[in-house]
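**Q** Dropping the structure in here first, questions after.
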Amino acid sequence: MPSSSKKPKPKASSSERVARQTAEPIVVEDLDEENSQEEMKIPTGMPLEPWHRSPSPFESWSDQEDTSWGLKIVSEEVDGWGNVRHETQWDGWGRQDGTNTTWKDEYIDDELRVRLEVTKPWDKREMRRRRRMANESRDLELSTGVDIHNNCTRYRAQAYDEKKAMVLDLKDSFSAFYLKAKRREPSLLDENLDKEIEVQEGDARRSQRQRKRAAKAISSSVPSSRAPSFKTLSASASQSQTRASSSATATTMRPTPTPSTISSLTSISERSTPSNHRLLTPAASSVTLVSASPASSSRRSFSHIPAGPPMSEKARGKQPMRSETIPPPSPLPSRPNGFSRRRALAEEWSLWGAPISIRNDVDDEDIPPLPRDFEWIEKGYQYDTGLDYLDSDKGFLMGCSGHRSCSTKAIGRCDCQGESSCLDPSGRKICAYDSKGLYKFNVLRGVEVLECTPNCECSDDCPNRVLQRQRDISLEVFKTPQRGWGVRAMEMVERGKVLGMYTGLLIRREDASDKMDYCFDLDGQENLDDDDSDAGIGDRYSVDSESKGNWTRFINHSCDPNLAIYEVVYDLPPGQGTPYLAYAAIRDIPAGEEFTFNYNPNIEEIVQSAKKSKKFKTTNGKRIPAGRKECHCAAQNCRGYF
Ligand SMILES: C[S@@+](CC[C@H](N)C(=O)[O-])C[C@H]1O[C@@H](n2cnc3c(N)ncnc32)[C@H](O)[C@@H]1O
């Protein structure tokens, strides 16, 4: 439906502007004129003029500034640089010749740099069209008879990406199924196999439709044009409905305490003991989360959020290979009026596992300051330009034959542990987890833990699949007085509990700088040191979670941490320098205690080298090594910097 907008004054087209700015104006000829053919002839022997696009005919407007017009976008044009112009139809307006459209550069809010509400009907229609195109055929058209400009329009390029992602989705589910089926019954007739594969692919499509419906439910129930449009919402890979529904049941069955039972997290944390596992549900915390002036603060924070495209094909491609380990987002219940920005964000973050809530008792900041295109990645990496090859073919990963070989005691017998360097003192391969899935802290720093891979035949509850499991601890992202936002659990966490992984954009080490607050080198250290002698050497990588990541990006540093980091691989090859960074509880952590880890395990070396080179700076009267930050962890053994 057309939305209302201010006056239809079309701006001069870009070529028109060029014509106006050049000292020697380009003569604009009306091609409908009878003699236009004469004008266009290029005299032989003359050098060719640079190519100029024919400018739109000049139109003058004498509209009142405050006139509102209904408008409808009817087509768009994308140039080779991706700039978009919309053809717009204005209600009750037309030229004498019967035409009633104008061309306008992309409808963008100059201040917020987001597409305006008026483009929504058009964007939706285009998306439906692209999806139809992607669904109609699974062929990938690599070259066409049409010219390169048409081939590169947004319409075609996005349809191509979506189609590719869909094919990859199906391919993954197909090969996983095929491997399993073949191992289960090698003599399975091809005919039967074909039938089962059809069913499998049908399931993948069905779950894709369900995901889209879930994402639609979210976007349509947020009552603002600048509603968050977090791309991963509709971007999950094909996933098992069975697990999804069982996890949804678990969540809804939890008791919801009343506000009086959760008056303060601190008091709960004081009351909690390892034998007293208390659980706070985010439903309860959200009751108390409304800030002093919800309307104004939520409006302010909305300005960070674009009404951008609703999904990222890249994100979809990067969902974990073992699709069963993460359930698809389930449709959310309908929300009351006045639904807050904070709750919307918390609900989105909660789609991937146990609930996450957001709380601020310190000031009136509504939500953590996120880049407006922030994208949630619960597990895995996205790859920076040129690094896609690291996300290699899963077919090369080792696989075990399941049965009892994955027992935590006899892990050495597992075929997938061929390359494992997790060894006991006598050189035998050992499992990094106990039978409850708790990390045993028996692995040397830098040694990668090899969990079972997508090619293993064992089930999802295999004791050697831990980091890849769905997150089951409910969390709270909360504002601290001196360390910005932090994160804590809403329930007691047992020693060895594996909480999750650091996710984000995988970049080359040399592209990481000390300015990047959310960047961690893939050796478990925050990247703070510009003079890092490792930088640029060999295949070393870092993970940047500034604009893509999950709750772990909120974990602050402490000189007396309660979490440790270790390295894990399961759907990427071991030894290529791209392990996942897993967080495990070093000790029992009471509900409400902030999660922290040591950003600089090798701080001693850093201090020694600062002493040698005499590189120190003074911050708030404290003398700290250059490149370090002042620490406010408040631990008894705090060094004062990290
Ligand atoms: C990965 S982020 C952690 C989340 C961050 N607090 C936020 O609000 O998004 C790292 C940044 O948090 C802050 N930070 C973390 N630990 C801190 C500490 N112990 N003392 C002071 N600031 C800290 C620093 O600004 C650091 O660069």
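Every residue, even glycine, has its Cβ placed from backbone N, Cα and C.
Small disclaimer: the values here were computed from a predicted structure and weren't measured.
The compositional bias 'Basic residues' feature in TrEMBL is assigned to 1-10. For 27-37, the entry in TrEMBL reads compositional bias 'Acidic residues'. The compositional bias 'Low complexity' annotation in TrEMBL covers 216-300. Sequence annotations record features per position, and here TrEMBL assigns domain 'SET' to 473-600. According to TrEMBL, the feature domain 'Post-SET' maps to 627-641. Summarising the annotation, TrEMBL assigns region 'Disordered' to 1-63, 200-339.
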**Q** Mean pLDDT across the domain 'SET' (473-600), rounded to an integer, is what?
**A** 88
**Q** What counts of helix, strand and coil residues does DSSP assign across the domain 'SET' (473-600)?
**A** 7 helix, 51 strand, 70 coil
**Q** Within the domain 'Post-SET' (627-641), count helix residues (DSSP H, G, I), strand residues (E, B) and coil residues, in that order.
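**A** Helix (H, G, I), strand (E, B), coil: 0 helix, 2 strand, 13 coil.
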